[in-house]
Amino acid sequence: MIGDIGHMSSTHTEPASAKLNLFLHVTGKRDDGYHLLDSLVCFADCGDVITATARDDAELTLSITGPMAGDLATGNIEDNLILRAARLLRAEGAVSQGADLTLEKNLPVASGIGGGSADAAAALRVLCRVWQLDIPTDALEKLALKLGADVPVCLHGKTVLMQGIGEKLIDLPELPSLSLVLVNPGKAVSTPEIFAARDAAFTDENLWDRTAKFNSGASLAAALQDCRNDLTLPASGILPEICDVLNALAREDGCLLARMSGSGATCFAIYDTSDQAERAANAIAESQPDWWVQATGIQTMQDRARAQIGASFPA
């Protein structure tokens, strides 16, 4: 089971942390059209927040707040992944109760950092606690995969090598503390469109050393130079501002690596120190006031333990 159901109250809150693909290789394509990936995934110490309160009746409600709430207002809320996750979980657990859910939307929408997937995963975790469900982890993983290829990795919220279409999660040694800046140019991109625009070539799988340990952001960034994000070229062809973001990150002092995450358009950079990351974020935000800019770090094992994320998995 993911999370702790030992101490119950009617309201619980879960973080939905930003997912970062430190590299993303496209290694193949299945007959059903899904692409196969090989990606080093970690989670930033920033993100959305999901709150759930149990109801006495069977109704499921969702309200959206936060600085990015307006970007979700145009869609049909019943199609939101959070409510889809709630309906799937309620059916799996034979639950008669409903819940009032609130999404504090802090991350840009359709931005390559798993916002919707992380929200759905956090909804599964928080509702297990609110509804006092003891569902086996493998069953939760299957539910997560029904919601999207990125939802299983977001369910666990830990550093892994993600393969297959997102269902194969391989534990890796803990990463060192990282000083990061995330930047989004304020424009969404379509993941299917980007995959359709890429060339037909595939990257070999298993290029990453699964036993590698790093003692600094600099040593990790050096190893990541041998990898890439295979979607950067097609994404920047569709949205040239991605190149502007990468250049802005790279020219700030202390930048060790600048790269696009997921299918974009959010990019990240690893800096040598947290002071350099803060200065870079401030400089970019000042020069590009319409961009979303966030200085952050990555979630540690202690952060995950406090949030009860992936509690059933070894560190």
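Using the three backbone atoms N, Cα and C, a Cβ is placed for every residue, glycine included.
Annotated features, as they stand in TrEMBL:
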- LYS19: active site (ACT_SITE)
- 80-158: domain 'GHMP kinase N-terminal' (DOMAIN)
- PRO108, VAL109, ALA110, SER111, GLY112, ILE113, GLY114, GLY115, GLY116, SER117, ALA118: ATP binding site (BINDING)
- ASP150: active site (ACT_SITE)
- 225-286: domain 'GHMP kinase C-terminal' (DOMAIN)
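In the three-state DSSP scheme, PRO108 (ATP binding site) falls into the coil class. Counting only same-chain residues at least 6 apart in sequence, those with a Cβ under 8 Å from the Cβ of ALA110 (ATP binding site) are GLY116, ALA188, VAL189, SER190, THR191. When Cβ atoms from all protein chains are considered, those within 10 Å of PRO108 (ATP binding site) total 25, not counting its own. Taking the Cα of ASP150 (active site) as the reference point, the closest of the recorded positions LYS19, GLY112, GLY114 is GLY114.
If you take the Cα of LYS19 (active site) and the Cα of GLY114 (ATP binding site), they are about 5 angstrom apart, rounded to a whole number. Same-chain residues with CB within 8 A of the center of the PRO108, VAL109, ALA110, SER111, GLY112, ILE113, GLY114, GLY115, GLY116, SER117, ALA118 CB atoms, the ATP site residues themselves not counted, are ALA18, LYS19, LEU107, GLY262, THR266.
Mapped onto DSSP classes, the domain 'GHMP kinase C-terminal' (225-286) shows 30 helix, 12 strand, 20 coil. Around ALA118 (ATP binding site), the same-chain residues six or more apart in sequence whose CB sits under 8 Å from its CB are ALA16, SER17, ALA18, LYS19, GLY47, ASP48, LEU107, ASP150, CYS154, listed in sequence order.
In the shown protein chains, 23 other C-beta atoms lie within 10 A of the C-beta of GLY116 (ATP binding site).
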